[in-house]
Amino acid sequence: MGLDGEEENAQLLGSSSEEEIFDMGTDATSLELRTYPAKKEAGGKARQKNNEQAGLSSIGCLMHILKGNIGTGLLALPLATKHAGIVCGPLLLLFVAALAVHSMHLLSQNSVILAKQNSTGPLDYAGVVEYAVRFGAVKWLQKFHKSFRHAVNVFIFITQLGFCCVYFVFMAESLVQILEFYEFAFIPSVRLMTILLFVPVVSLCMIDNLRSLAPLSIIANFAMVFAVIIIYYFCIVYSVNSNFATPPSKLPKFASLAEFPTAFGSAVFSYEGIAVVLPLQNSMNCPFKSALNTGMLIVSIMYMSMAILGYLAFGDSICGSITLNLPEESLYVFVKLIYCFAIFITYALQFYVPISILFPRTSETTSTIRKKLAQIFLVAITCGLAIGVPDLGDFIALVGASASSMLALVFPPLVDSLVERKSSMLRLLKNIIIILMGIIGGIVGTFISVESIVHVLLSSENGDDCKV
């Protein structure tokens, strides 16, 4: 398990106009980028050469899969269960897990096919979609291949900035609770705390060399492991002692239909680990499929257990992050503090992705001042959005529905349908159904989340209204 699921995405997604992947090797903290120019070697040879350079083992790959999927989304799953119901929630998670893992396999398989067909080196996510459209079965769509590449990068851009908004809200709400516990003379509101965090976050994001953050990342990794163990311990003890906020028999088995899209958005958000699939596959020197299946099985078990135990422990008072529900005791306050530290470091790693999209590493005309101003501007945007809507649950659902659903559920089956090979009508029908579910679920989930956010803006609510 790593610092954060989205941190792994940030480490693996930094790309330029050339095909780039992180050379992770066997060192989980390695942040080195290697550039693989397209169309210089046959796909198989380039892949073999890459494997020899990276040499990532099955165990190493498994660890990265866990890091890539276990993050802030894990802490929000009890709230997703509340929105779906104690029975429907776990079933929804299981369903989304099946779709997400299937999409990961589709992306993995088709990236290999496209690389071999077009004699390229390893392809990133946007590259796979571009090549699938450019050389795909639908002729009239081929001229839009660049547009599809840009679309993927836009959704990645939105997703990463959305994560950063979530981090601002998470840190602000957690720090306010910590100050309340220690009875500080002045305790700011969540919105004011978000403003106070702006300068430290901007200062951290000015560090362009991710290797400089590696020592802090290692510390935060261990801190995060400790925090998650304590959260599980608390939830299990709560369950064993039957000290439930609401008796399980009285919890709704199926929530209202109006809340279901919000649960869908949160579930998709939690499974936004598809971005790590291609970099890991390109770095392995042994079968990737088994490592992916094993890793996602472990992830799904953790997700379902956290969703059920967290909702049973706190009932309808569950917050956007289960850490906000932990008792006001020294141990649990410490858990909140180290989580804040981990998320603080994660912000800079996550922020690297949109900046790398705006300013590719191959660009020789990038002005340092221009780049720094862009960094400050983007941090200000995420801070401003967090100030406007200091509600963790709404942000997670919005990001999951609006952008993550496209990356996790729409583009992979689209690629699979476009790649020319003998395919049955049943396979095509299956892909169309998944695409429609991703689009419809994303649109409805986005609408419901925006509606909830507007309600918060028009009301006097300030952050999560949950109470322990």
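Just so you know, glycine gets a Cβ as well, placed from its N, Cα and C.
Predicted automatically and left uncurated, TrEMBL annotations should be read as such.
Annotated features, as they stand in TrEMBL:
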- 1-20: region 'Disordered' (REGION)
- 62-447: domain 'Amino acid transporter transmembrane' (DOMAIN)
- 84-107: transmembrane segment (TRANSMEM)
- 151-172: transmembrane segment (TRANSMEM)
- 184-207: transmembrane segment (TRANSMEM)
- 219-240: transmembrane segment (TRANSMEM)
- 260-280: transmembrane segment (TRANSMEM)
- 292-314: transmembrane segment (TRANSMEM)
- 334-353: transmembrane segment (TRANSMEM)
- 373-389: transmembrane segment (TRANSMEM)
- 395-416: transmembrane segment (TRANSMEM)
- 428-450: transmembrane segment (TRANSMEM)
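When Cβ-Cβ distances below 8 Å are used as the criterion, the transmembrane segment (334-353) is approached by residues 3-4, 6-7, 9-11, 13-14, 71-72, 156-157, 160, 163-164, 167-168, 170-171, 174-175, 177-178, 200-201, 204-205, 207, 210, 213, 216-217, 220-221, 223-224, 226-227, 230-231, 323-324, 326, 375, 378-379 of the same chain, each at least six residues removed from its ends. Just going by CB pairs under 8 A, the stretch in 151-172, 219-240, 292-314 that sits most against the transmembrane segment (184-207) is 151-172. Within the same chain, residues 77, 125, 128, 248, 251-255, 259-260, 263-264, 267-268, 270-271, 273-274, 277-278, 289, 292-293, 296, 299-300, 303-304, 307-308, 311-312, 408-409, 411-413, 415-416, 434, 437 sit at least 6 positions outside the transmembrane segment (84-107) and bring their C-beta atoms closer than 8 Å to a C-beta of that stretch. Counting Cβ pairs under 8 Å that are 6 or more residues apart, the transmembrane segment (151-172) and the transmembrane segment (292-314) reach fewer than 3 and are not in contact. Of the candidate ranges 219-240, 260-280, 292-314, 373-389, 428-450, 428-450 has the most C-beta pairs within less than 8 angstroms of the transmembrane segment (395-416).
Packing against the transmembrane segment (260-280) from elsewhere in the chain are residues 5-6, 8-9, 12-13, 21-22, 24, 56, 61, 64-65, 67-69, 71, 73-74, 76-77, 79-81, 83-84, 88-89, 92-93, 96-97, 100, 103-104, 107-108, 111, 122-125, 128, 156, 159, 288, 291-292, 299, 303, 393, 396-402, 404-405, 407-409, 412, 441-442, 444-449, 452: each is 6 or more residues past its ends and has a CB under 8 Å from a CB in it. Within its own chain, the transmembrane segment (373-389) has Cβ neighbours under 8 Å at 161, 164-165, 168-169, 172, 191, 194-195, 197-198, 201-202, 205-206, 351, 354-355, 358-359, 395, 453, 456-457, counting only residues six or more beyond its boundaries.
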